[in-house]
Amino acid sequence: MSSTNDEQTIQPYWRWSKKDFFPEESFQSWTTYRSALSQTLPRFKNRLLTRSQDSAEINTLRKQSENDMKRCLNWWDLMWFGFGAVIGAGIFVLTGQEANENAGPAIVLSYVASGFSAMLSVFCYTEFAIEIPVAGGSFAYLRVELGDFAAFITAGNILLECILGGAAVARSWTSYFTSLINRESNSLRIHTNLAEGYNLLDPIAVVVLAIAATIAMSSTQKTSLLNWIASAINTVVIVFVIIAGFLHADSSNMKPFAPYGVEGVFRAAAIVYFAYGGFDAIATMAEETKNPSRDIPLGLLGSMSIITLIYCLMALSLTMMQKYDEIDTGAAYSVAFERVGMKWAKYLVALGALKGMTTVLLVGALGQARYITHIARAHMIPPWFALVHPKTKTPVNATLLVTISSACIAFFSSLDVLASLLSVSTLFVFMMMAVALIVRRYYAQGVTPQRNLLKLICFLAIIIASSIGISACWGLKSGWVGYAVTVPLWFLGTLGISVVLPQQRTPKVWGVPLVPWLPSLSIATNLFLMGSLEYTAFIRFGICTVIMLIYYVLFGLHATYDMAHQQPEVIKPINVIEEGGEGEA
């Protein structure tokens, strides 16, 4: 009898009732909604002071999807997903541009510096993905360590990354495709009389996004196989570029090594850093990984280490093949090969870039949908987007949300004015992840005395403020005096955590080494790179943040509040016991 009742309660995947989108009590009528709005301040205080639990993210919230995703990935799949997510067109475009304009042959050091910064963030993601193996990635981790409100701000930036990032790559795909077939860059776009920046309609970008999303929705395992094949072809192209470059190398092209000085090296590092973007998508696949504690460190750390080496070798081969001031900033490798008598190689470079962008779109469609799924599980957006399809075992609704949004922007916008906004969002999330890791190690709910919690907050404030100061000194070119104040402050803040506060939690399987030094350094480097961006990026970032807050006050706050109070085991308020007390985390 019970099995019959269970069958009767099974709902179809495609359903459209109000309850599927707005099941919370606050949205059942205008009366309940007005009542919820009148309680905005006390509800905000509750959300600000609540933190989720590991078990809630891993078990309770997953039930919102009704069906589980299939555990079908191993470390080999994750490593190739790392290649597919990270190695796109950026390495082919940014290397020549920054070598010519900022770093010279020292561009290889720029890739070392930016690779080191990226690895610091990779460390943070790896520890969290092992401890909390769910689809939400950084959103889930921040909900546990920094609370619901901090997680919402991060969720808004993740959504921005997903939508704008997918649109930007799709537009680039069209440009490289025209290069491959030897056509003008905008020849395949529809020219209109719309405003500048929105007047070149791109139907090919829409089609490419739709194909990538369809593959991602059909099966995670099939997507992994296709990514492996495409990434393998791209790797062959990259190996060819490196070997051919060294075969035509001239060591005299390496002099002067750093024509723009140390400042130029770091200025270039801030730009080429974004060639490492995309690795965070791997953390969102922890829920579909067979053995997260083994597979995630091998897949994530292994792929990023190899990628850093590849980037450095590609940069070195280009600058040895051609004098830095003669490098073409638009098509560096193609022009360089042409000048050494390998004109045909430009088509191979275009093919490699096209294959790279294809895998970025494929892996992006997977990772972005899993971010959205977990955000919807927490009811920060309608829970309809959290549903996992019973047959494909993939989050179809979440994939459609990201794909349709990206396609609309890719069709109309050139995204030139939004590129820097995407950079700010990415670095902000990475910085928050480093803060969250320090909090996880040094604060345990119900165990940490209040005095130690206040010390931790003070030390973190010093680290963040001094990191912002270091970035400001760099941007304002204030000389050594500014650094003489800000760098020691950063050091003392980190030392304070290391010496004064005991660690409250030990990683179960694998943990970031040298805590708090490495995550503190990650905070500093991400804020430093943010400071290298133009001020207009922060104006747009501020406008987007205001829009996010309006949405939060009108919807997200009340939806998550109702969710928490309907299911009290999901999230609990921060209750800090007094000095000398004991308890379980």
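Numbers run from 1 along the shown chain.
Cβ coordinates are placed from backbone N, Cα and C, and glycine is handled just like the others.
As recorded in TrEMBL:
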type	residues	note
DOMAIN	510-559	domain 'Cationic amino acid transporter C-terminal'
TRANSMEM	72-94	transmembrane segment
TRANSMEM	106-128	transmembrane segment
TRANSMEM	149-170	transmembrane segment
TRANSMEM	200-218	transmembrane segment
TRANSMEM	225-246	transmembrane segment
TRANSMEM	266-286	transmembrane segment
TRANSMEM	298-318	transmembrane segment
TRANSMEM	347-373	transmembrane segment
TRANSMEM	394-412	transmembrane segment
TRANSMEM	418-440	transmembrane segment
TRANSMEM	480-502	transmembrane segment
TRANSMEM	509-531	transmembrane segment
Interface-richest range of 225-246, 266-286, 394-412, 480-502 toward the transmembrane segment (347-373), CB pairs under 8 Å: 225-246
The transmembrane segment (266-286) and the transmembrane segment (225-246) contact flag, 3+ Cβ pairs under 8 angstroms: no
Listed stretch, out of 72-94, 149-170, 394-412, 509-531, that has the most CB pairs under 8 angstroms to the transmembrane segment (200-218): 394-412
Counts by DSSP class (helix H/G/I, strand E/B, coil) across the domain 'Cationic amino acid transporter C-terminal' (510-559): 40 helix, 0 strand, 10 coil
Contact between the transmembrane segment (509-531) and the transmembrane segment (106-128) (at least 3 Cβ pairs under 8 Å, separation 6+): yes
Closest-packing stretch to the transmembrane segment (394-412), where packing means Cβ pairs under 8 Å, from 72-94, 106-128, 149-170, 298-318: 149-170
Intrachain neighbours beyond the transmembrane segment (106-128), with Cβ under 8 angstroms and 6 or more residues off its ends: 95, 98-99, 137-138, 141, 257-258, 264-266, 268-270, 272-273, 275-276, 279-280, 282-283, 296-297, 300-301, 304-305, 307-308, 311-312, 315-316, 318-319, 324, 430, 433-434, 436-437, 440, 507, 510-513, 518-519, 521-522, 525-526, 529
Residues of the parent chain within Cβ reach of the transmembrane segment (298-318), under 8 Å, 6 or more residues beyond its termini: 75-83, 86-87, 91, 95-96, 99, 107-108, 110-112, 115, 118-119, 122-123, 125-126, 129, 238, 241-242, 244-246, 249, 272, 275-276, 279, 282-283, 327, 332-333, 336
Residues from the same chain, set at least six apart from the ends of the transmembrane segment (149-170), whose C-beta lies under 8 A from its own: 44, 47-48, 52, 88-89, 137-140, 142-143, 202, 205-206, 208-209, 277, 357, 360-361, 364-365, 368, 371-372, 375, 378, 380, 402-403, 405-407, 409-410, 413, 415, 418-419, 421-422, 425-426, 428-429, 432, 544-545, 548, 551-552, 556, 560
